[in-house]
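Colleague: Before I ask anything, here is the structure I am working with.
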Amino acid sequence: MAGNAYSDEVLGVTNWLKDKSSQEVFSFVFKNENVQLNGKDIGWNSYRKELQDDELKSLQRGAETTWDQSEDMEWESAVDDMTKKQVFIFDSLVKKCLFEVLSTKNIAPSNVTWFVQHEWGKDPGWHCHVLIGGKDFSQPQGKWWRRQLNVYWSRWLVTACNVQLTPAERIKLREIAEDSEWVTLLTYKHKHTKKDYTKCVLFGNMIAYYFLSKKKICTSPPRDGGYFLSSDSGWKTNFLKEGERHLVSKLYTDEMKPETVETTVTTAQEAKRGRIQTREEVSIKTTLKELVHKRVTSPEDWMMMQPDSYIEMMAQPGGENLLKNTLEICTLTLARTKTAFDLILEKAETSKLANFSMASTRTCRIFAEHGWNYIKVCHAICCVLNRQGGKRNTVLFHGPASTGKSIIAQAIAQAVGNVGCYNAANVNFPFNDCTNKNLIWVEEAGNFGQQVNQFKAICSGQTIRIDQKGKGSKQIEPTPVIMTTNENITVVRIGCEERPEHTQPIRDRMLNIHLTRTLPGDFGLVDKHEWPLICAWLVKNGYQSTMACYCAKWGKVPDWSEDWAEPKLDTPINSLGSMRSPSLTPRSTPLSQNYALTPLASDLADLALEPWSTPNTPVAGTAASQNTGEAGSTACQGAQRSPTWSEIEADLRACFSQEQLESDFNEELTLD
C-alpha cells in the first residue's frame, strides 16, 4: 500500500495492532493519592527511594532507555529529572506487580499480551494504564486480578516511599492504598442486577484509537494532560516518537474503517424490550434449535443424541425442571409446525426409491392377503396422518389376534417419533401423556365407558381440554389417532347397560381396517424404514395426502363400510409365508400339484360328467371348455397364488376325460 511512504517501524506497529484487533483484554488503572499521616505529606512524587531489588533495577533501566529512545531530537524536553525518575520507578513497580501475579497463576510472560502507558491528567494527576490478556484469561477472573494487583501495588509503594515513616504509619499507608482501591478495573453495571461486571476491551482498537492519539508531556510540572512513556510485550510502541504514534493511529483507523455502513432496523417491540440476553438464555435457545432440528422428543433421545447439552443443563440449579421445560417447548414446536405425515416423510431415504417395490413391503402384503388394494389403504392412512381426514381422524386396526394390527401401528408410531400413549390403567387421567404430540396411540382399546365423550372428541380431531395429574387442565390440539383392538369398540357399556346411541358416531370417526388373516409365526416385524418409503412412493406417484386427491383417485371419502378391494390391482402379490420374489415362485400346474388319482371303472362316468364343486365354489366353465386339453393348463398358468377348487376341477377334467380314463384302465387290465 504505502511501502515507500512510511517507515518499517510504523508499518510494523500497524500490522501488529491489526493482528491483535479482536483480542479481548483487561483494562486496569494504577494511581496514588495525596495522603497526610501525623502531619507528614505524602504526594505522587514521594516514592523515589532507591530500590535494592535487582529485578526492579533492571526494569527501571529499561524505562530510562525507552524514554531516551522516544525523545524527539527537534526540541529538548523540559521535564525535570525528579519527575523522570519518579515515572521510571512507577514503571518498574507496575511491571513488578504484573509479573508477580503471573507467577502465582503459573502463566509464562511469553503467553501474555500487555501494554503499559504512564499519563498525567488534570484531575487524577499521575496514573498508569495497563492492558493485559491472553489465552489463560477469562472475564470472571477480572476482579480477582484487581484484588491481587492492589495488594502488590500497596506493598511496593510503601517500600519505595522516601518519607520517613514509623512502622505503624507504613502499615496505615498500606491500608489506605488497599481500602481506597489505588488499582481499578474497567467494569460496567448491569441494568437489571445492578451489579458491576468486568468489561473487556479490544487490545488493538484501544491502543490505536485512545492511547496513541495523545500528546507527549514536555513540561515540568505538567500543565496539560498527556503521556510520559509507554511499552508493550512486543516491543513495538516503546521507541515510537510522538509523530510516529499519531501516524500509526491514523493508518490503523483508515484500514479498519468498514467500507460500507450497514443499517439495522429496530422494531418498536425490540426497542421496548431493551434488554441484554444472558449467556444462559443464549445457550438454551441454541440447544432448543438443535433439539427441534434433530427431532428429539424424549429424555432418552436427548441423552443419546445431545449428551453434552443434557449434562450442561442437568448441572445447573433446578436442572430437572429446566430439562423438562426445554423438552416440552421442543415437542410443542413439532406438534404445532409439523404433521405426523411430515415427520414420517422426512425420514425417507430418497436413494432407495428407485429400487423400492411397494408390493414387497410387509404392510402391503398383509393388506393384499385380504384381497385389498393396498395403495388405496395406505393412501387413506396417510390422509388421516396428515390431518386431512376431516371428522374421520382415527385409524382403527381391529380383528383377531396375530393378524398384524400392532406391528403396523408400531411401525407408524416409531416413524412419527413424537407420540403420546393412552393409559387405560389411569382411570382419572388417561390422556396425561397425549398433549403436544403429533400422534396418539391407543393400544388394545376396550370399552370406553364413562370416557366415551372424551374419546369421541379426540377421535374426531376436536380441540379439547383435559385434566392432568398435579397440574391444571391443558389443551389438546387436533391430533391423529391410531388405535388397535380385538373388541368391538362401537358397543359402549356403562355399567351393565349398553348405549347404542354411541355406535354410529364412533363409526363416523374411524377409518375401518378389519384384519382377519392370521400371520405365520416367521412373518417378522415391519421394518422402521418401510413407512417412510411408502409415504415417499405415494407422493412421488401423485397420491398426495389430501382428501381432495383421495376423492379424485378413488371416487369418494372412505366410510365405515369401505370396500378396500375396489378397484382391484393387477399386480400379483406373494403369499404371507413366502419372502421370495414373484418371478421366482413356481407356476401352479397339474403335475406340480400332484393331483393324480386312480378311479374305479364304475366311477369313470361320474368322474367325467358330474362337476366337482362345493357349495361355496362355482362350477368352472362350460362343458366345451372343460373337455379341451387347454382349459386346465390355462387355469393355473401365470397365477402367483394357490389354485381354487374350480381350477383344480378344470385340471382334473383336462387330464382325465372319459375316453382317456377308459383307455388307460383297459391297458392296465390287459397287462395284468
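Here the Cβ of each residue, glycine as well, is placed from N, Cα and C on the backbone.
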Colleague: Out of 191-195, 471-475, 501-505, let me know the one Swiss-Prot marks region 'Ori-binding'.
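Modeller: In Swiss-Prot, residues 191-195 carry the label region 'Ori-binding'.
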Colleague: Quick test of your reading of Swiss-Prot: among 85-89, 210-214, 480-484, 550-554, where does it put motif 'RCR-3'?
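Modeller: Motif 'RCR-3', as annotated by Swiss-Prot, spans 210-214.
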Colleague: Write out how many residues of the region 'Ori-binding' (191-195) are helix, how many strand and how many coil, based on DSSP.
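Modeller: Computed counts for the region 'Ori-binding' (191-195) are 0 helix, 0 strand, 5 coil.
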Colleague: Measure from the Cβ of G404 (ATP binding site) and count the other Cβ atoms within 10 Å, all protein chains considered.
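Modeller: Other Cβ atoms found within 10 Å: 25.
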Colleague: For the recorded divalent metal cation site, enumerate neighbouring residues of the same chain (Cβ within 8 Å of the Cβ centroid of E119, H127, H129, site residues themselves excluded), in sequence order.
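Modeller: Here the non-site neighbours turn out to be V29, F30, K31, Q117, H118, W120, G121, P124, W126, C128, Y227.
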Colleague: Considering the binding-site residues H127, H129, K405, which residue's Cβ sits among the greatest number of other Cβ atoms within 10 Å?
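Modeller: Counting Cβ neighbours within 10 Å, the top one is K405.
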Colleague: With an 8 Å cut-off on Cβ distance to the G399, P400, A401, S402, T403, G404, K405, S406 Cβ center, who else from the chain surrounds the ATP site?
Modeller: F397, T484, N486, L515, T518, L519
Colleague: For the motif 'RCR-3' (210-214), what does DSSP give as the number of helix, strand and coil residues?
Modeller: 2 helix, 0 strand, 3 coil
